[in-house]
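Database features, via Swiss-Prot:
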DOMAIN    51-178  domain 'TIR'
BINDING   ARG60, GLY61, VAL62, ASP63, THR64, LYS65, GLY93  NAD(+) binding site
SITE      TYR123  site 'Important for ADPR cyclization'
ACT_SITE  GLU127  active site
Amino acid sequence: MASSGLSSRRSIMASRLTASAEAVNEPRRGAVVSRRVEYDEESLAGAGGESRYEVFINHRGVDTKRTVARLLYDRLAQAGLRGFLDNMSMRPGDRLEERIGSAIRECTVAVAIFSPSYCDSEYCLRELAMLVESRKAIIPIFYDIKPSDLLLPQAVADSEVYLPRDLERFKFALREAKHTVGITYDSATGDMAELVSAAADAVMYNMEKMETVQRRETMILSRL
């Protein structure tokens, strides 16, 4: 019965994603994302109050916030999935680390958008380390970089700002991401609509897989 419900939900999500595909084509020429449609976080959460975030979007804002990160957030919202994107999901007065940490713990799937300046960002690295340590399903998008480019910059490694254990956490998280099958995108030749569609499909696939595993674990525990 649970399997039937999950399949039904995936079918609904897929139909919504298909119906919204044309919206992604609009910004293909440039970096500015259409703001005609805004999503109210509270309406996505439902009348009963805030629900948990299902998808965490880890990204370097200066590289991808106004393109793939925002487009993917919109696409998931149209499919009825509640994604966490910092500038869309946080409100004045929120404590940054608490809000982000809570969203990471709640999510089922994360999308990590690796871009040229990603590894220069402390926030990106800390979020990635938390996602890996929380054993979340992570979908890498290699945006204008190759997996082999995921290395801790020497400036970060030599900095006295970070504790040795933090540097090890960052290195481990980057290694894990490097060896995870992801989506590669070249902004000079790629199709943004295809990228967002592939990322949304990957989110649905991984959510179904994680929910199946959780359901099996619950069944096993109930028999003990």
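Positions of Cβ are set from backbone N, Cα and C atoms, glycine also.
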Quiz item: Which residues of the same chain, at least 6 positions away in sequence, have a Cβ lying under 8 Å from the Cβ of GLY61 (NAD(+) binding site)?
Solution: ALA69, ASP86, ASN87
Quiz item: Using DSSP, how many residues of the domain 'TIR' (51-178) fall into helix, strand and coil, respectively?
Solution: 71 helix, 20 strand, 37 coil
Quiz item: Which one is it: of the binding-site residues ARG60, ASP63, THR64, whose Cα lies the shortest distance from the Cα of TYR123 (site 'Important for ADPR cyclization')?
Solution: ARG60
Exercise. Average the pLDDT scores across the domain 'TIR' (51-178) and report the rounded value.
Key: 95
Practice problem: State the Cα to Cα distance, in Å, between LYS65 (NAD(+) binding site) and GLU127 (active site), rounded to an integer. | Solution: 16
Quiz prompt | Cβ atoms near VAL62 (NAD(+) binding site) (within 10 Å, other residues, all chains) | solution = 13
Quiz item: For ARG60 (NAD(+) binding site), which residues in the same chain are close in space, meaning a Cβ under 8 Å from its Cβ, but six or more apart along the sequence?
Solution: ILE113, SER115, SER117, TYR118, ASP120, SER121, CYS124
